[in-house]
Amino acid sequence: MKWVLVTICIAALAALLGQRLLKLSEIALANREVPVKRLPNCHLLKNIEYGAEDLTILRDGLAIISTGLKYPGMPSFSDDPGKIYTLDLLDPRLIPVELTIKGDLDRDSFNPHGISVYIDETDKTIHLFVVNHPQHYTSQVEIFLFVEEDNTIVHLKTIKHDLLHSVNDIVAVGVESFYATNDHSYPSEVLHMLAVFLGLPWADVVYYSPGGVKAVGDGFLSANGINMSPDKRYLYVSAILDHEIAVFEIKKNKDLVHVKSVAVGSLCDNIEVDHVTGDIWLGCHPNGVKVAACDPEDPPGSEVIRIRDIHYEKPAVTQVYADDGSVLLGSSVAAPYEGKLLIGTVYHKALVCDLK
């Protein structure tokens, strides 16, 4: 009888293991291939060689780009510190310009990830928020003053907190206030992978202000990109492993109330929002296994998805761009401006194309 019970337990465990491995393959979209769908007049940007993981575009057409991310589990092709660039999308030369970093910041360990901009309406100063991983598994948020005429960012403050343990992306809502996503359930990579393996949705969204810090949204296997609607009433979060964009209403006390989730069918990374139309633009990974492996014989592709009318009953989800890795590896962000589309990647190059 004892051996019968042992056999049953082993069989049950094997069945569970097989089921979870199958589920992980589905989560990673391990078998997905996307047909190529190109845009006209595309060219790779100069100076961007080791990723443009996140970017945002100011209303005057100046893009700010974070580069050189070194992220656990992802390839990295340079040991140099990360950098911040600008790109004037109204300048036909389209040449990225590296920003000089001033102030009290360890530049040698600078490892920028998600970024966001807050413009103080009282004096029009531009505050740049940057997620930084100086020791790979550590997370902190750097706040800079952007001095455009000098091509300089001046470091103002570093923010650390136990709730900000594995920050991926950030959206600024004040000069020292923001929402941030944790893409891990735990700071430990092992515990996080165990949570994902078991299907435990314990990653979250955190609100930070000088007056307090709190978790305001949960239920994610991994919370990735984050951004806000133009009217500042709603927050959008990429539930990357669920292949969805979650929509939250922002309450007066800064808590979040889940409104809906929109299926996108891809592993969508960062979120950009069109200032004028409110359309959502997503840089996505068609196949998670490929983007992690980065096999030159079977390279990871890129995909850009657009969501129109996300607050309607039936939002329009369309694929705008897709590549098989022959041009662009591992797209992580995309943003439009005046008929152009700027696409960044985790560890490769950046691409600009015409939308029309």
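Any Cβ shown, glycine's included, is placed from N, Cα and C.
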**Candidate in Cys9, Cys42 joined to Cys353 through a disulfide, as TrEMBL lists it** = Cys42
**Request:** May I ask for the distance between His113 (active site, proton acceptor) and Asn270 (Ca(2+) 1 binding site), taken between their Cα atoms and rounded to an integer number of Å?
**Result:** 10
**Asked** What is the separation, in Å, between the Cα atoms of Cys353 (disulfide bond) and Asp54 (Ca(2+) 2 binding site)?
**Response** 17
**Asked** Near Asn168 (Ca(2+) 1 binding site), which residues of its chain come within a Cβ-Cβ distance under 8 Å, counting only those 6 or more away in sequence?
**Response** His113, Gly114, Val131, Ala180, Thr181, Asn182, Asp183, Ser222, Ala223, Asn224, Gly225
**Item:** Number of Cβ atoms other than its own within 10 Å, given for Glu53 (Ca(2+) 1 binding site)
**Value:** 31
**Request:** Select one residue from Cys42, Ile115, Cys353: among these recorded positions, choose the one with the most other Cβ atoms within 10 Å of its Cβ.
**Result:** Ile115
**Prompt:** Want to know which recorded positions, from Cys42, Asp54, Asp169, are within 10 Å of Asn270 (Ca(2+) 1 binding site) at Cα; which are they?
**Reply:** Asp54, Asp169
